[in-house]
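> If you scroll down you'll find the structure; I have some questions about it.
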């Protein structure tokens, strides 16, 4: 065509360009080269080139073609502006979209339905709902696409009530519905959890004769499942003629949402084929239902099947590792992410930081944080809280300052982490300063949790009267946790009078809580009031309250070992007993004397010493010394607060055996090294 000169013929050139742009195997650059060789391109040729750029996700190039078009005095038509508006939608270019809207009005194309529909869509995508609605209201003529665009507009911007209201107007106006608009409206019903409205839409689909369309069926299954109408969802699923993967995944998700975990697993096992979403839905479901071991087992099956996990799967599995105290498996997953060169986004990175911090592995958590390209407020929160929990209070507060310097706006959780840092080291004045700054500087009103932190901070520091006054003057009613913090402080500082008063209040408020009964019982025992001790224990029996046994977990070569106080059920219990004896000898050489005040029972001192030396964390340490080679730290997770005696023993053991011991109790981490602890004996 170049040689013969036909490229100069407008009609011939337009056909060549149309063929070139429609053929996906032809590079867009080649089509653009053809366009630049056309002498005097008309509107059709310019529109063809602009449309090609938009289709190939090069929206900015479409605007350049429009500029050339205007410079060449080529008249735009009703096809030109919709293409330009689509390019603005792709780039979220609201300002340019408004300018093009002005051009549309100027040339009188604002009455065209096609132009109006693309204007609604452009404003909707850019989040300008009022402008989209105004365009719709001013349209002299509307079609199904107009209505559909405005329903989509409200639904995508999470204004679901307005989406349903507009849909009702559409039905009243007698506009025929199609699959697209019904799917959009069903999404709104799902988010609002309005099954009755969803049923009416289902009836409309049947009336329109489109109820068997697969995408619509999937939307209905999902809606019924989310709304808890499992019978209706099952009926649709069972009667579906052409089910696809989305149908199966929606049904599995519905079962999990309604707590039918076994039905979900059964359906998963019977699937003719599975995709990443299928695995992700079930693994996440297991994790959300606290079935962490099942989540890990299913993830291993997924690996054997050769399915590459997505971010959702990895987040769920890392969370499962955290709950199961399975550091080795969590670290393996992190290594897997690095090996596959997967992008660590905000959610995945924050979950990794949280996992490492909860295992006391601060350097690894810091490594993840530094490597993240994008950090959200949740990422900073995880780091601030994790550093505080691990005894790095100075670093935690410095991170908070750095966060503000990076213009990251703190939220309620940030201040819980900051107050927690102050609480862990008894920084009363600094805690007060941050607490006051919440509302004064940042406009965040303290919640009951923030007041609870302050009560705990004051109580731990021995300011019991001030803590009780803060409770009395709180703008919100104190909860059980806040009173519990004060009770624990009374026990720590030996204020038996206040402790008895607060303890009685708590036992009355929550008679089924074992911890409050035990604390009150211990306060009475420390006073030698054995009649009151027996009374409290009688109340526990009367209410069926069972004291939570001390439990310590330790991971060795990927296997979790669990020990209770006085435990002798472990297969290696004989070796553990020998190691406990060896520990006892070395501790005596280190000057250890058992703190028998921790055993508040009416028994003789020798029995108290024996009981103390069979606490679960001491047994776990003994097992760790047997099975974990130096210099690997011995990491132990304890379900209760570590007692004074075990704390002292762990410090001395770390020096006697030259081992690092990390214990995470219910409140914080204790890093024992060479006879000292990261908490500086304040916990």
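Each residue, glycine too, has its Cβ placed from N, Cα and C.
It should be emphasised that the depicted structure is a prediction, and the values quoted were computed from it without experimental measurement.
As listed in TrEMBL for this protein:
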REPEAT    42-76  repeat 'PPR'
REPEAT    112-142  repeat 'PPR'
REPEAT    143-177  repeat 'PPR'
REPEAT    244-274  repeat 'PPR'
REPEAT    275-309  repeat 'PPR'
REPEAT    376-410  repeat 'PPR'
DOMAIN    591-683  domain 'DYW'
> Mind checking which residues of the chain, 6+ beyond the ends of the repeat 'PPR' (42-76), have their Cβ under 8 Å from one of its Cβ atoms?
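Non-local partners: 10, 13-14, 17-18, 21, 28, 31-32, 35, 83-84, 86-88, 90-91, 93, 96, 103, 107.
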> If we skip the immediate neighbours and take only residues 6+ beyond the ends of the repeat 'PPR' (244-274), which ones have a Cβ under 8 Å from one of its Cβ atoms?
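For the repeat 'PPR' (244-274), the list is 214-215, 217-218, 221-222, 224-226, 228, 230, 233-234, 237, 281-282, 285-286, 288-289, 291, 305, 307.
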> Taking the repeat 'PPR' (376-410) alone, what is its mean pLDDT?
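Mean pLDDT, the repeat 'PPR' (376-410): 95.
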